[in-house]
Structure formats: C-alpha cells, structure tokens
Amino acid sequence: MKIGVFDSGVGGFSVLKSLLKAQLFDEIIYYGDSARVPYGTKDPTTIKQFGLEALDFFKPHQIKLLIVACNTASALALEEMQKHSKIPIVGVIEPSILAIKQQVKEKNAPILVLGTKATIQSNAYDNALKQQGYLNVSHLATSLFVPLIEESILEGELLETCMRYYFTPLKILPEVIILGCTHFPLIAQKIEGYFMEHFALSTPPLLIHSGDAIVEYLQQKYALKKNAHAFPKVEFHASGDVIWLEKQAKEWLKL
C-alpha cells in the first residue's frame, strides 16, 4: 500500500521513523511544507488552507491513506481535510490519546501537554483527555522548540536555555508528558534529562509521542501486520528546499 505523510517540516520524521521501523506499508510519500514552517504560530483559517493545499499535492500520487503527522494541522485542519477527501486521513492526536488510555490507568495522574501555541489554544488535547476522565491536565505552549529543531539544534546551551525558560515556572511536576508536536520527540531525551536533573525526580516522566502511538493505532484500525512488507520505499517532497529535507532525513533517519 502506498501512503502519504504530511507535516509542516521535519517534525514528521518522528512519525516516519516509527512507520519505517514497523514496515506496515511498502511505499511512503513524505511531504514537508518547509516553506511555511512553523504552523504553530499561524491562525486556524490559514492552517486549514495549508491542509487543503497539502491534499491537492497528494492527489496525483494516488495514495490510499494520508497521515497528518503534525499536531497543529491535526488539531485545526484534520476535519476540514477529511471533508474534502475520498481516502482515509488519520491525525496524530487520537492515537496519542489511545496510548494514554492504555498506559495511564490513574485518572488523577498529573499530565502535561507540550505543543505549539496553535495546538494548545485549540484545546484539542485538553478536551480529549477530559472526555477520557483525566482530571489533572495542564498544558504549555513551547513553540520556540520548533525553529530550533528545524535548524538541527538538538542539544547545547541554546536548547538548555529554552527548556529552562519554559519549564522553570512549572508548579506541578508531571508524571506524564505528551509531546504534542511531532518535532518534540527529536529532543525527547533532552526533555526527560532536564526534568530528571532539575526537578530531582526518582523516576523519569512517561513520554507519549505520536510516532509510536500511530503505529499501534493503524495496526488496530486497519488490521495491518507489523513487518509485513520489505523496508518501505520513501519519496521526499517539500514546498521549500527538498534537497535540504532529504539531507535532514538521511541524518536523522539513517536512510
């Protein structure tokens, strides 16, 4: 089966990595809207329009399934995209919520949602978690992580300063952190390390990210078998510099 993966830039690599490892599909078309990244600072109307334009991009590729590997687009554009599509379109928020249900049984466990400004303001995660009975949910817009990751700044003083800026004011220490932006798993170890070091935690917080969650979701929803195919063929496209995108993919995905 040929599928599409859509993200604002390189963040979707975290989803793509999980898909490649699972080998659920034999061909993947990856489209990064790198000319207009980040999405997280844009207004909802603009994000919906970007989503519809991504649909137009995929039409000639004759894919059978589209994964919106962007939390902001999943929160604000997914429904509109589904209305205009004849193929199934899957976002990353629902799979993450299902992963929480499976892994977090304590409804009062403190959960922290990290995301872009647009994702957090949409309340998509907060509302979905409350519907599942989780009562102790807080959120934090950490949009500055996105341009750092797009520039391959995955460690060092600048990232440390950014984490200190966002995390120092926290009053409730989370047991669960939802990485509500597909860019964030690329710095997951740094986030975990920061909490362990600066908050003197005895055990690391549980990190939930949509890459692993979506594999499980797709297996269940579409009865797909893991490792049923040879290593998938991947084709990269971008609204910006596709050569740069391919270079980043080779570095991060070891292609």
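Glycine residues also receive a Cβ, built from the backbone N, Cα and C atoms like all the rest.
As annotated by Swiss-Prot, active site, proton donor/acceptor applies to CYS70 (among others), with the evidence given as sequence analysis. For CYS70 (active site, proton donor/acceptor), the number of other Cβ atoms no farther than 10 Å from its own Cβ, over all displayed protein chains, is 37.
Cβ environment of CYS181 (active site, proton donor/acceptor): GLY11, GLY40, ASN71, THR72, LEU114, GLY115, THR116, THR119, THR142, PHE145, VAL146 lie under 8 Å away, each six or more residues apart in the same chain. Mapped onto three states, the DSSP output places CYS181 (active site, proton donor/acceptor) in coil. Residues annotated as active site, proton donor/acceptor in Swiss-Prot: CYS181 (among others).
According to Swiss-Prot, the substrate binding site annotation covers ASP7, SER8, TYR39, GLY40, ASN71, THR72, THR182, HIS183, on the basis of sequence analysis. Residue density at THR72 (substrate binding site): 34 other Cβ atoms are found within 10 A of its Cβ, drawing on all protein chains shown.
Across the structure, CYS70 (active site, proton donor/acceptor) and TYR39 (substrate binding site) place their CA atoms 9 angstrom apart.
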